[in-house]
Amino acid sequence: WRGREGARYSTLVPSDEVTVNYRHGLPVITLMLPTRSERCQFTVKPVVTTVGAFLQDVQREDKGIERAEVFATDGSKVSDATLMEVLLMNDFKLVINNTAYSVSPPVKDKLSSEHATEMEDIKCLVHRLFVALHLEDHQIRKERELLQKLDHLKGELLPLEQMKARIMDSADAKTSRLLWVGLALMSTQGGALAWLTWWVYSWDIMEPVTYFITYGSAMAFYAYFVLTKQDYIYPHAKDRQFLHYFYRKSKKQHFNVERYNKLKDDLAEAEESLRRLRQPLHLRLPIQEISDKD
């Protein structure tokens, strides 16, 4: 028999010498090794194994095979890069040395549903085995890494937290003093206006004075809005003044606010990762391992 490329083969062996059967959803190719004179089975993964990889496996099994090729039924050579899934869709010829084997794979669509069920069961079993053998170890290792990271971040944050507490106490004290000073000034202003109205001058004289004081206060509140883009609300003004004192004190004591915020963000992220990691852990991990690490 002569192929399209002009190669001559001494014999054309019937299809029963090379068989293709499906076992557990995977094709098993059985053929006779020429120099070893024994039948050998090759289980291939059709979606990932190429024709070239299959032929290499055959030659690796029998060192006496000098030539291994695959041809289509019309005599054209099948590329080594072709997937076995594509090759097994149609009949083909397997050439080993000078012998050509006619191969007729079974139609995959005609396979029984039992094979498909077995394949799904195998996939489920493999997944469960992977979880049992690897997932818990990975989660335990990842949890230890996160715990070490948390300890490291807390160690860096401890002196910064202490410094921040001192700065906040100082800023809060100054803000409170400022509020009391404002109350004292308003009380003094009210008392002075009352004294000038009833004991020194009359209301006819003091009315324009109070008007301009009120108008000046309105101008001050409007200037505050222009500068800060916020309404003059007492809680907001207090917080703004507190931050002003806080940052000024932090600069004097060389407190790195940006580094502190970065460490706090990293700590929150690590705690969230640990919380999400421990959600499946309580279903799989022995209780004593969790309690030991806690």
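Using the three backbone atoms N, Cα and C, a Cβ is placed for every residue, glycine included.
Annotated domain 'Calcium uniporter protein C-terminal' per TrEMBL: 61-263, in sequence order.
Annotation comment: TrEMBL describes 178-197 (among others) as transmembrane segment. Same-chain neighbours of the transmembrane segment (178-197): 203, 206, 209-210, 213, 238, 241, counting only residues six or more beyond its ends whose CB sits under 8 Å from a CB of the stretch.
Annotated transmembrane segment per TrEMBL: 209-227 (among others), in sequence order. Listed by sequence, the residues of this chain that lie at least six past the ends of the transmembrane segment (209-227) yet keep a Cβ under 8 A from its Cβ atoms are 189, 193, 196, 237.
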